[in-house]
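A short write-up of the structure that comes next.
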Amino acid sequence: MRVAILSRNPNLYSTRRLKEAGEARGHQVDIIDTLHCYMDITRSRPAVRYHGEELPKYDAVIPRIGASITFYGTAVVRQFEMMGAFCVNESVAISRSRDKLRSLQLLSRKDVGLPRTGFANRPDNIKDLIKNVGGAPLVIKLLEGTQGIGVVLAETNKAAESIIEAFMGLKANILVQEFIKEAGGADIRCFVVGDKVVAAMKRQGAEGEFRSNLHRGGSAKLIRLTKEERATAVKAAKVMGLNVCGVDILQSANGPVVMEVNSSPGLEGIESATNKDVADLIFQFIEAKAKPFNTRTRGKG
Ligand code: ADP
Ligand code: MG
């Protein structure tokens, strides 16, 4: 098969591993810089141009769209869908997953376990907002944050009020969430391919840190999931419409709760923590599914 990886950087671990794994299985794999693609969208026969030439027809496309280029990146993915390429994650699903509020609303609608969560921009009654999600201790999150930055723990209602006021002053969208203390500063990254969790790791925050992000000094190790955790991750991926994703789960006293779903999960952490060839598993999935126009929306979404 001819496969394109949409990635801004051919030297990233995930990009390199995917290319390697695809070639080892006998496929021709091209790395295409998403932002360098351009196209005439009014043509009756959709195509993508790159470095002055029309790109060939790909059987499959692996989108690795960074959060900072979601808007343009999903338009490029949509174009490949219109050309009939099998896109491992569809443009609509990627856009959906990048909007945290929309994601949580969809997951909640389908009864996926979530931490009790409120969202606000300029609440006219902060005390009520706090009371509405069960009161302190609470986690307050900036919607635009990543890698644990902008995630704050408020131990008392007073502290929660001050933090919410401060974020309001910055005109930021925020999430106010029940603090899952029993998670003990750890979370679980479930790597989903198709309708299976193919690898899972537990990330533990550094001493005294409630955030488990590896960028904040957390460490990762292999974990065996319970049936319920596995089912929760698979269901979250399905609700989001993502074939390949990372589902982050907290172990709460009431069972697993989903924190977020990532449509371009990194391979480095999960492959080294679990010793699994996740890149190869992604190609096995592609081989089973890649038929022309075998996507739900075919660029229509
Ligand atoms: P980011 O997108 O910046 O990674 P997250 O929502 O994933 O933000 O939060 C960062 C980390 O903080 C999580 O990995 C988890 O360890 C911890 N955390 C986030 N929300 C909660 C919560 N409601 N209860 C307990 N810990 C949490
Ligand atoms: Mg996170």
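Residue numbers in this text run from 1 along the chain shown.
Any Cβ shown, glycine's included, is placed from N, Cα and C.
The annotation ATP binding site is assigned in TrEMBL to Lys141, Glu178, Phe179, Asp187, Arg211, Ser212, Asn213. Taking a C-beta cut-off of under 8 angstroms and a sequence separation of 6 or more, Asn213 (ATP binding site) has the following same-chain neighbours: Gln147, Gly148, Arg203, Gly205.
In the structure as shown, the Cβ atom of Asp248 (Mn(2+) 1 binding site) sits within 10 Å of 20 other Cβ atoms. Residues annotated as Mn(2+) 1 binding site in TrEMBL: Asp248, Glu260.
Asp248 (Mn(2+) 1 binding site) carries a strand DSSP state (E or B). The annotation Mg(2+) 1 binding site is assigned in TrEMBL to Asp248, Glu260.
Positions annotated as Mg(2+) 2 binding site by TrEMBL: Glu260, Asn262. According to DSSP, Asn262 (Mg(2+) 2 binding site) is assigned to a strand segment.
Around the Cβ of Asn262 (Mg(2+) 2 binding site), the number of neighbouring Cβ atoms within 10 Å comes to 19. Here TrEMBL flags Glu260, Asn262 as Mn(2+) 2 binding site.
Per TrEMBL, the feature domain 'ATP-grasp' maps to 104-287.
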Sequence order is fine: just name those binding-site residues in Lys141, Phe179, Asp187 with a Cα within 10 angstroms of Asn262 (Mg(2+) 2 binding site).
none
Maximal Cα-Cα distance (Å) across residues annotated as binding ATP, namely Lys141, Glu178, Phe179, Asp187, Arg211, Ser212, Asn213:
18
How would DSSP class Phe179 (ATP binding site) in three states?
coil
Name the residues of the same chain, 6+ apart in sequence, whose Cβ is under 8 Å from the Cβ of Asp187 (ATP binding site)?
Lys202, Arg203, Ser212, Asp248, Ile249, Leu250, Met259
